[in-house]
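What TrEMBL records for 1-19 is compositional bias 'Polar residues'. Annotation source TrEMBL lists region 'Disordered' at 1-33, 45-144. As annotated by TrEMBL, compositional bias 'Basic and acidic residues' applies to 60-84. Annotation source TrEMBL lists repeat 'PPR' at 219-253, 254-288, 290-324, 325-360, 361-395, 431-465, 501-535.
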Amino acid sequence: MGSPAYTASLSPGSALFSNSRMPPPPRLLRPGLGMSGRAEAVVSLAAGRYGGGGRLSPPQEKRRPPPTQERRRPPPTQERRRPSESSQLPERKRHWKAGEFPVPSGGGRDGGRAAPPQEKRHWKAGEFPAGSAGGRPAPRQEKRHWKAGEFPATSAGSDSKAARTPIKNVKKRLDARADAKAWACTVTEALADRINSKNWKEALQVFEMLKEQPFYHPKEGTYMKLIVLLGRSGQAARAHQLFDEMRQQGCEPTPELYTALIGAYCRSGLLDEALQLLTEMKTSPLCQPDVYTYSTIIKACVDETRFDLVDAMYKDMAERLISPNTVTQNIVLSGYGKAGRLDDMERVLSDMLDSTTCKPDVWTMNIILSLFGNMGQVEAMEKWYEKFRSYGIEPETRTLNILIGAYGKKRMYDKMSAVMEYMRKLAFPWTTATYNNVIEAFAEAGDAKNMEHTFNQMRSEGMKPDTKTFCCLINGFSKAGLFHKVVGMIKLAERLDVPANTSFHNAILEACAKADDLVEMERVFMHMKHKQCDPDAMTYSILVEAYRKEGMTDKIYALHQENPTLVPTDLVMV
């Protein structure tokens with residue numbers, strides 16, 4: 001007879017054993033033990049399910065011979081217990097899985113009853129040792145997860161933890177080292193901050209503090225940064241003093257350090273001292289000049305329109321087998337263009353086109369286009385633009401901004417708008433320079449309405465205006481006679497922390513002169529000098545023209561005494 005299929009659901013708390021995966025649980029009742037009335041009823045009901053009125057073993061016990069005693073018949077219906085006796089024999093029927101509770105071997109009334117199911121526990125295989133007789137596993141111990149090899153093996157059954165092997169605390173040692181040198185790290189970071197903020201005075205003070213410490217030994221990179229900072233700040237003499245101090249400390253100079261020092265003199269307009277350093281480099285076998293050194297000096301020569309020295313530098317480079325690169329050629333090309341020597345510019349450009357080492361690039365393209373654009377030669381600018389495109393040189397944002405500025409100055413607004421749409425189409429971003437060119441074009445035309453509209457659009461797109469933006473706005477509003485808006489632009493520039501340089505003050509001075517407000521003009525001039533903003537030739541030209549218009553020759557003479565270089569005698573005598 002095959003095992004019956006049990007489909008009834010288990011009551012809450014019943015155990016679920018899979019006959020295919022786990023062995024049957026151990027026998028829970030020993031032979032000869034009696035069972036309660038509840039267990040007897042459960043067995044009787046189970047016997048009834050098996051059929052035939054007799055007791056059948058579960059499927060796994062089917063092969064065992066039946067007991068010799070007389071089979072028990074199921075109790076008649078009329079002999080069932082009353083509801084009052086339900087405490088001993090409940091009416092509720094329970095269904096067990098086949099083979100879950102085996103029938104004990106003893107016969108008789110007490111021998112065929114199965115013990116009530118006990119709570120089933122699920123443990124991992126091998127997690128606990130075998131239990132005592134009856135099959136109940138030992139109580140579960142707390143499982144700990146250690147890293148492999150972190151702790152030694154503990155003895156069986158021992159609850160005491162083994163001593164932890166000491167581990168070297170690397171983090172603690174590093175923190176102690178950092179605390180020991182915390183002051184040094186703070187000062188070196190302070191030096192880097194001063195250099196990045198271009199504060200050369202405080203940078204030198206922090207550097208002197210560092211040199212007094214026994215643990216600090218300045219290296220070549222630190223001297224390089226300080227020399228470059230001093231050169232950009234117009235402190236060539238201090239840069240040379242630092243260079244000599246470096247050599248006294250035993251730090252050997254390099255061609256890069258010499259080039260940085262030469263650049264410091266070139267930025268200050270001290271070309272003779274720069275040439276003297278170049279001669280000193282030539283005598284040092286380990287510090288020979290390279291193409292960057294010559295490019296730095298050539299740029300200084302171009303700025304001072306010393307083209308005779310430019311030719312001498314090219315000859316010196318050829319003798320030393322140093323080929324000029326594209327940067328060098330672009331510097332000379334720009335210098336010839338600004339000086340109006342278009343023939344020499346064309347010669348240099350032809351050499352670049354024929355060369356294999358210094359081909360023209362987008363910077364070359366920008367120099368040529370900017371030159372013709374500033375000269376107002378739009379047709380020549382467009383011709384060169386197409387020629388560079390045919391050479392495979394693609395424009396960049398600055399290139400298109402040059403075209404916009406050139407079209408704006410000639411009031412060719414249709415072409416200016418076409419270039420701006422072209423930028424949008426090719427995903428070129430509109431920069432501050434783009435808006436500045438448009439604002440400047442409307443300012444030169446005195447079109448205050450379109451100028452202000454462009455400025456509002458610029459701010460709505462999140463573009464930050466710069467000093468040139470406000471210079472163009474002030475010039476445009478002053479040309480249109482809207483002096484109240486000039487005052488508003490000045491206040492807005494202060495709120496936005498826009499740097500007020502010489503060009504910014506010149507725009508305000510010119511607006512005051514056009515408004516015939518000489519008192520305010522003089523106040524702005526005094527404020528300019530108080531802010532240590534050096535006036536230039538344009539500044540004095542605006543002042544002289546305003547005083548001459550009012551016939552104040554004494555004021556013009558005072559300006560000449562203050563700065564005879566920028567206010568020559570011929571302006572005083574006129």
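Note that the numbers count up from 1, one per residue, in the order the chain is shown.
Quick reminder: no glycine exception, Cβ is built from N, Cα and C everywhere.
Per DSSP, the repeat 'PPR' (219-253) is made up of 26 helix, 0 strand, 9 coil. Panel annotation: around the repeat 'PPR' (254-288), residues 220, 223-224, 227-228, 230-232, 234-236, 239-240, 243, 246, 296-297, 299-301, 304, 306, 309, 320 of the same chain, lying at least six beyond its termini, place a Cβ under 8 Å from a Cβ of the stretch.
For the repeat 'PPR' (290-324), same-chain residues at least 6 beyond its ends with a Cβ under 8 Å from one of its own Cβ atoms are 255, 258-259, 262-263, 266, 269, 271, 274-275, 278, 281, 331-332, 334-336, 339, 341, 344, 357-358.
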